[in-house]
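Enquirer: Below is a structure I'd like to ask you about.
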Amino acid sequence: MKIAAVIVAAGRGERAGGGVPKQYRRLGGFFVLTHTLLRLLHREVFDSIIVVVNPADADHIAAVEAELDIKLDTVPGGATRTASVRAGLERARDLGLDAVMIHDAARPFLGDALIDRLVKALADHPAVIPALPVADALFRGGDARMGDPVSRDGLYAAQTPQAFHLAPLLKAYARLGDTALPDDAAVIRAAGGEVALVPGEAENFKLTTRADFERAERQIMSETITVTGQGYDVHRLEPADVMWLCGVEIRAGLGLIGHSDADAGLHALTDAVLGAAGAGDIGQHFPPSDPQWKGAASDAFLLHAIKLLKQVGGELVHADITLIAERPKIGPHRDAMRARVAELTGLPEKRVNIAATTTEKLGFTGRGEGLAAQAIVTARLTT
């Protein structure tokens, strides 16, 4: 069964405040929509991820794409949630998919176990949603007075993602016309269909009010860890016109020898970022045996590592590079190196440090045979 995740991100979210649609507000360093997408992008169960957006939010979507370093499959939404979902379903149909999971962009804490429950239930049911039993006492009220109690027996709170076989859901939407209903399960019910339930997750709450965002910030903090990555690289020194080091061109009669541009500073930094992401080392991603990387600028290696870090929910917060060599002298180039590394990583310059040292004439660096670089990065990672 080929499944699409359809993310409904066309709403305005005015009750949450903040001046921008809530899916584009910052939460723990990332956009809310970025958090939501990160919960889905790593799951191989999805053959496609479709994001339904408001055409007025093009700049916001571009910012999310830049944050994730991917191109999203977006479709314009409509005036109501029902119309927006219909647009997403039509896109899934055009892609030849069999089923959909429709999810609110403002539910950034979707868990893997819930996705697994929905996929399993789809094998036996054409429509299935997550739900939580109502736990609070209920009563009717009005004019600031408490009325009659309402039994909680059999009452549930619906969540998303809501999962459906695509063909019957499209038929239900065709019968619906322009009527607006609160969710997709209601569309199936209005067409006479049945909807199965699986247990939801209390953490999978929707961001609607300022209080919800305050709760979400606390949850993000509880799910965020600080990680470090370390990298080390060495290249041989030989007479040459140009040396590339920390992304800066240096003309000191020496060059670093290697398969790519041999920028030991950026190579060490790339390995450090890959380490923070748990993504191996530079040789795995850019093997020196591959001719396409011969003479390549090391900028591309670092940007790839940062992309992988973002894709696992990581955010780089600090980078420290130590260059170990008798020559060339690093001092005259330190500021340019710092600025270039800050530009490549997206960090402010105050969170980038370039240090230099020697080995007091000892070893291969002391003899001027080579240059070594060590890098350590700090990153925040949402677990």
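Here the Cβ of each residue, glycine as well, is placed from N, Cα and C on the backbone.
In case it helps, Swiss-Prot gives these features for our protein:
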type    : residues                                                                                                       : note
BINDING : Asp233, Val234, His235, His259, Ser260, Asp281, Ile282, Gly283, Thr357, Thr358, Thr359, Glu360, Phe364, Arg367 : 4-CDP-2-C-methyl-D-erythritol 2-phosphate binding site
BINDING : Asp233, His235, His267                                                                                         : divalent metal cation binding site
REGION  : 1-226                                                                                                          : region '2-C-methyl-D-erythritol 4-phosphate cytidylyltransferase'
REGION  : 227-383                                                                                                        : region '2-C-methyl-D-erythritol 2,4-cyclodiphosphate synthase'
SITE    : Arg15                                                                                                          : site 'Transition state stabilizer'
SITE    : Lys22                                                                                                          : site 'Transition state stabilizer'
SITE    : Arg152                                                                                                         : site 'Positions MEP for the nucleophilic attack'
SITE    : Lys206                                                                                                         : site 'Positions MEP for the nucleophilic attack'
SITE    : His259                                                                                                         : site 'Transition state stabilizer'
SITE    : Thr358                                                                                                         : site 'Transition state stabilizer'
Enquirer: Ser260, Thr357, Thr358, Thr359: which of these recorded positions has the highest Cβ count within 10 Å of its own Cβ?
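Expert: Its Cβ has the most other Cβ atoms within 10 Å: Ser260.
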Enquirer: To the nearest whole angstrom, what is the C-alpha distance linking His267 (divalent metal cation binding site) and Thr358 (site 'Transition state stabilizer')?
Expert: 19
Enquirer: Tell me the Cβ neighbour count for His259 (site 'Transition state stabilizer'), meaning other Cβ atoms within 10 Å of its Cβ, over all protein chains shown.
Expert: 15
Enquirer: To the nearest whole angstrom, state the Cα distance for the pair Ser260 (4-CDP-2-C-methyl-D-erythritol 2-phosphate binding site) and Lys206 (site 'Positions MEP for the nucleophilic attack').
Expert: 48
Enquirer: Are there residues of the same chain, six or more positions away from Arg152 (site 'Positions MEP for the nucleophilic attack'), whose CB falls under 8 angstroms from its CB, and which are they?
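Expert: Long-range Cβ contacts: Pro133, Val134, Ala135, Asp136, Ala137, Leu138.
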Enquirer: Hey, which of the recorded positions Lys22, Lys206, His235, His267 is the loneliest by Cβ count within 10 Å?
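Expert: Looking at the recorded positions Lys22, Lys206, His235, His267, the Cβ with the fewest others within 10 Å is that of Lys206.
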Enquirer: With a 10 Å radius around each C-beta, find which of these binding-site residues (Asp233, Ile282, Phe364) has the fewest other C-beta atoms nearby.
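Expert: Ranked by other Cβ atoms within 10 Å, the binding-site residues Asp233, Ile282, Phe364 bottom out at Phe364.
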Enquirer: Mean pLDDT for the region '2-C-methyl-D-erythritol 4-phosphate cytidylyltransferase' (1-226), as a whole number?
Expert: 93
Enquirer: Find the one among the binding-site residues Asp233, His235, Ile282, Thr359 whose C-alpha lies closest to that of Lys206 (site 'Positions MEP for the nucleophilic attack').
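Expert: With Cα distances computed to Lys206 (site 'Positions MEP for the nucleophilic attack'), the winner among Asp233, His235, Ile282, Thr359 is Ile282.
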